[in-house]
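Per Swiss-Prot, these features apply:
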- C340-C366: disulfide bond (DISULFID)
- C397-C410: disulfide bond (DISULFID)
- C453-C464: disulfide bond (DISULFID)
- C471-C486: disulfide bond (DISULFID)
- C496-C514: disulfide bond (DISULFID)
- C525-C537: disulfide bond (DISULFID)
- C532-C550: disulfide bond (DISULFID)
- C544-C559: disulfide bond (DISULFID)
- C567-C579: disulfide bond (DISULFID)
- C574-C593: disulfide bond (DISULFID)
- C641-C657: disulfide bond (DISULFID)
- C801-C830: disulfide bond (DISULFID)
- 524-560: domain 'LDL-receptor class A 3' (DOMAIN)
- 615-854: domain 'Peptidase S1' (DOMAIN)
- N109: N-linked glycosylation site (CARBOHYD)
- N302: N-linked glycosylation site (CARBOHYD)
- N365: N-linked glycosylation site (CARBOHYD)
- N489: N-linked glycosylation site (CARBOHYD)
- N772: N-linked glycosylation site (CARBOHYD)
- 1-21: region 'Disordered' (REGION)
- 1-55: topological domain 'Cytoplasmic' (TOPO_DOM)
- 77-855: topological domain 'Extracellular' (TOPO_DOM)
Amino acid sequence: MKSERARRGAGGSGDLGAGFKYTSRPENMNGCEEGVEFLPANNSSKVEKGGPRRWVVLMAVLAAFLALSLLAGLLAWHFQDRNVRVQKIFNGYLSVRNENFLDAYENSNSTEFANLAKKVKEALKFLYSGIPVLGPYHKTSTVTAFSEGSVIAYYWSEFDIPKHLVKEAEQAMAEKRMVTVPPRARSMSSFVMTSVVAFPSDPRIIQNTQDNSCSFALHAQGSEPIRFSTPGFPDSPYPSHARCQWTLRGDADSVLSLTFRSFDVATCDERGSDLVTVYDTLSPVEPRAVVQLCGTYPPSYNLTFLSSQNVLLITLVTSTERRHPGFEAVFFQLPRMSSCGGYLRAAQGTFNSPYYPGHYPPNINCTWHIEVPDNKNVKVRFKAFFLQEPNVPVGSCTKDYVEINGEKYCGERPQFVASSRNNKITVHFHSDQSYTDTGFLAEFLSFDARDPCPGSFMCNTGRCIRKELRCDGWADCTDYSDELDCKCNATYQFTCRDKFCKPLFWVCDSVKDCEDGSDEEGCSCPPNTFKCGNGKCLPQSQQCDRKDDCGDGSDEAKCQDGKAVPCTEHTHRCLNGLCVDKSNPQCDGNEDCTDGSDEKDCDCGRRSFTRQSRVVGGENSDQGEWPWQVSLHAQGHGHLCGASLISPSWMISAAHCFVDDRGFRYSEHSVWTAFLGLHDQSKRNAPGVQERGLQRIIKHPFFNDFTFDYDIALLQLDRPVEYSATIRPICLPAADYTFPTGKAIWVTGWGHTQEAGQGAMILQKGEIRVINQTTCEHLLPQQITPRMICVGYLSGGVDACQGDSGGPLSSPEEDGRMFQAGVVSWGEGCAQRNKPGVYTRLPVFRDWIKAQIGV
């Protein structure tokens with residue numbers, strides 16, 4: 001039904017909608033009507049002479065007509081635009097103070113629910129009627145749920161608002177948030193309604209609310225976990241173009257713990273991703289969202305979330321037809337915390353955010369008062385710190401934060417230390433009503449302020465490191481303070497322009513080791529020459545001449561991309577015998593070979609999970625993150641070596657793993673067992689793990705067990721494996737594939753986490769970089785052959801170690817596909833400075849692999 005204003009605007013003599021009026025009466029001029037009369041001319045010649053004046057009149061009339069037409073068009077557009085209506089939906093909740101919560105309120109089909117919902121809707125209608133930009137345009141309100149406190153009503157209200165009033169309406173609704181309803185409004189109902197909260201909502205969130213086919217209500221029973229999942233999980237995909245929701249409840253004075261055990265929905269992209277949102281309320285209001293999820297997560301990813309009260313709402317809004325199984329989750333209730341924080345009196349100790357490493361609950365405040373002995377000072381070291389929120393600028397700690405000594409800390413931070421000037425310190429933790437993270441893990445220590453780091457160097461962050469690490473060219477302090485104000489030793493160090501010291505042999509090695517790049521300045525070759533990747537200078541005529549004049553192949557890389565050329569050792573040979581001179585054309589998404597063979601057999605190197613965990617104080621990998629990684633167990637010895645899966649029946653490993661030693665026949669295939677899809681060595685019987693024996697071991701015939709040259713072996717499984725989310729092959733690089741200096745590559749394995757340490761239970765990962773071959777030969781003289789590649793950090797810290805042998809070097813390419821760059825072979829110690837790891841260079845053996853097994 002049209003409003004009074006709209007009806008008036010429809011009349012011929014009423015309001016036109018903006019205060020303009022029209023009348024058909026002629027205007028009076030001294031009591032006479034104004035008119036225009038045209039008289040015939042008596043003299044045609046006079047008429048001809050008057051022609052120009054006539055044209056002026058005609059042009060004036062035409063101009064006036066055009067102006068009036070334009071004005072009329074503008075007015076029509078203006079009034080039409082003002083009459084355009086926009087659907088606006090506000091979602092929120094309110095408190096009903098003089099009602100007690102009844103169990104029947106959990107059932108939206110109960111009479112009690114309907115009666116109370118009717119009262120709430122009447123009260124909302126009366127509230128809106130007092131707001132001029134809302135009342136006339138209110139269409140309907142719907143109550144979706146009730147919960148304790150005394151009674152909290154969750155609702156959404158729909159409005160049909162003129163386009164030009166939308167901003168004003170949103171502002172009016174914003175001003176009504178968290179308000180107490182006036183007494184007159186309360187008197188219109190039989191209950192007291194307070195604290196009305198409402199926010200604009202995405203209409204997709206409200207769609208199909210009357211359709212309960214994908215709406216579920218669950219109530220926790222005791223402390224027993226309750227399982228639920230998307231419809232059809234895991235055998236069929238969840239519905240497309242739908243809205244599903246799960247209402248989770250617990251008993252009064254409890255909170256809920258929610259964990260997604262399996263999560264696989266459409267990949268996050270800009271096409272309107274399928275989205276799972278968890279709310280710390282029963283109304284889908286964005287400011288109360290705890291987390292939003294899309295994509296796929298490995299089972300080991302931390303997806304545990306806590307509520308601040310006894311309810312949670314989960315929504316799944318789908319807009320695609322991509323086939324994904326959805327999620328499986330469990331929840332249970334636990335007692336609400338009576339307090340958070342407390343007094344810690346000791347010389348040292350630990351504390352953490354609530355429910356760490358799970359996500360801390362929203363809307364919480366914790367304060368720890370720490371006190372150490374009187375004659376000491378206290379420092380707090382944060383070993384893990386994750387307090388991130390979406391769309392919050394870095395350094396802007398306005399939402400979740402930790403406050404110490406008046407300074408706030410937030411976001412994701414490396415290990416850092418905060419200290420006091422006496423024996424007491426106070427740590428305050430705050431989370432707001434939305435978006436939580438995993439929080440922090442911290443320890444406090446007492447120290448003597450006169451000597452805070454006995455026998456060590458103290459970083460500006462308060463961390464203590466060994467004195468010999470000062471001014472050694474590597475930043476051991478996270479704030480680089482150990483490398484500030486240094487005087488470099490010119491005998492073996494280079495002084496960067498920013499005054500940092502670097503090893504002299506790093507100069508002109510094609511890798512920028514100084515932050516300002518000064519170690520690579522002045523290294524250019526003379527005019528008309530080509531600079532190789534290893535720093536060597538060649539005449540330009542030797543570039544792209546089909547010969548490896550540099551020694552590292554860089555002079556033959558990226559030559560005549562994609563064009564057929566004569567075949568050499570540095571070109572890519574297609575199956576039809578033709579060659580293309582393009583760097584790494586294999587499986588790059590572009591057909592460079594005329595027969596398309598460079599894009600065949602590319603079902604490899606892909607991971608099923610799109611999300612990986614953040615590393616906290618270690619290098620634990622996620623389940624399924626490296627699906628080609630294999631654990632090799634020798635009879636009676638447990639895990640000894642790694643391997644990589646390259647086909648359903650074949651693996652690659654290191655030849656030195658199969659050399660007989662101390663009376664044990666490691667060369668016998670029958671003593672070995674391969675575990676594929678394994679993540680945790682203590683869970684070899686876990687679902688998804690496949691166990692196989694070996695049928696054959698093929699060591700390279702030129703393998704030298706003294707120099708470790710040709711350190712590669714092929715292993716045939718006794719029966720093929722079945723590919724799954726956690727078992728996939730890695731891509732093998734062609735013989736011409738190059739891995740340039742400085743490229744980031746990943747090493748994985750269950751080897752020792754430190755030299756002389758113990759093997760890891762969880763699969764470890766470490767990012768390392770390809771090291772210049774000339775530099776490597778300088779560091780390990782007379783030990784490096786063309787079949788070897790040096791990878792690591794000359795600063796040490798990350799490397800393969802005992803037990804990692806035979807495992808893969810996984811090199812990520814631009815499209816996310818992984819190629820195996822090498823095989824873990826040998827090294828001097830583990831992760832030592834200036835002692836990079838040495839790996840078997842895999843492209844060198846590509847033809848041998850194909851000749852042996854046809855892969």
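Cβ coordinates are placed from backbone N, Cα and C, and glycine is handled just like the others.
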With every protein chain in view, what's the tally of Cβ atoms within 10 Å of the Cβ of C550 (disulfide bond), excluding that atom itself?
21
Other CB atoms within 10 A, centred on C397 (disulfide bond):
18
Which of the three DSSP states, helix, strand or coil, fits C574 (disulfide bond)?
coil
Give me the Cα-Cα distance between C340 (disulfide bond) and N365 (N-linked glycosylation site), rounded to a whole Å.
7
Greatest C-beta neighbour count within 10 angstroms, which of the disulfide-bonded residues C453, C486, C532:
C532
Per-residue pLDDT averaged over the topological domain 'Extracellular' (77-855) comes to what?
85
What's the number of neighbouring CB atoms sitting within 10 A of the CB on C657 (disulfide bond)?
24
Cα-Cα separation of C579 (disulfide bond) and C593 (disulfide bond), in Å?
8
What does the structure give for the C-alpha distance between C366 (disulfide bond) and C544 (disulfide bond)? Integer Å is fine.
66
Pop the Cα-Cα gap between C567 (disulfide bond) and C641 (disulfide bond) into the table, whole Å please.
38
Secondary structure at C366 (disulfide bond), reduced by DSSP to three states:
strand
